[in-house]
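Undergrad: Quick one: this structure, given as structure tokens, is what I'll be asking you about.
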Amino acid sequence: MNYLSQLIGILLGLIMYLCIIISMKIGDNTYIGDYFFKLFNMNNNKFIVAITFFVCLWIVGKIFKDKQAIWLNWGRLLLTGLMLVALVSYLVM
């Protein structure tokens with residue numbers, strides 16, 4: 001695995017973790033993303049956060065397609081599971 005693909009994988013992984021953190025609910029109707037987007041005077045768009053996560057997941061899947069490292073597969077599984085739980089609470093509730 002070359003240095004550039006590792007760097008891209010780490011960056012996209014951090015973006016996916018940020019998407020998960022943004023989608024955490026901290027009150028009755030408030031999310032961490034609400035505070036984050038208010039700092040930059042932006043609207044919190046739930047669909048953009050979800051699409052960003054899945055685009056990053058897709059790119060990571062394409063970059064590491066031929067890699068069979070067990071830690072990589074478990075990491076992708078953990079990230080996907082966390083985002084699915086966050087996505088259900090984020091979009092439905």
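Backbone N, Cα and C atoms are what each Cβ position is placed from, and that goes for glycine too.
Note that TrEMBL annotation is computational and uncurated.
Bear in mind that the values here come from a model prediction, so they are computed numbers and not experimental data.
Residues annotated as transmembrane segment in TrEMBL: 7-27, 47-64, 71-92.
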Undergrad: Which residues, given as numbers and ranges, are at least 6 beyond the ends of the transmembrane segment (7-27) yet have a Cβ under 8 Å from it?
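TA: That would be 33, 36, 46, 49-50, 52-53, 56-57, 59-60, 63-64, 75, 79, 82-83, 86-87, 89-90, 93.
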Undergrad: Taking residues 6+ outside the transmembrane segment (47-64), which of them lie with a CB under 8 Å of any CB in it?
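TA: Here the qualifying positions are 1, 5, 8-9, 12-13, 15-16, 19-20, 22-23, 33, 72, 76, 79-80, 83, 87, 90-91.
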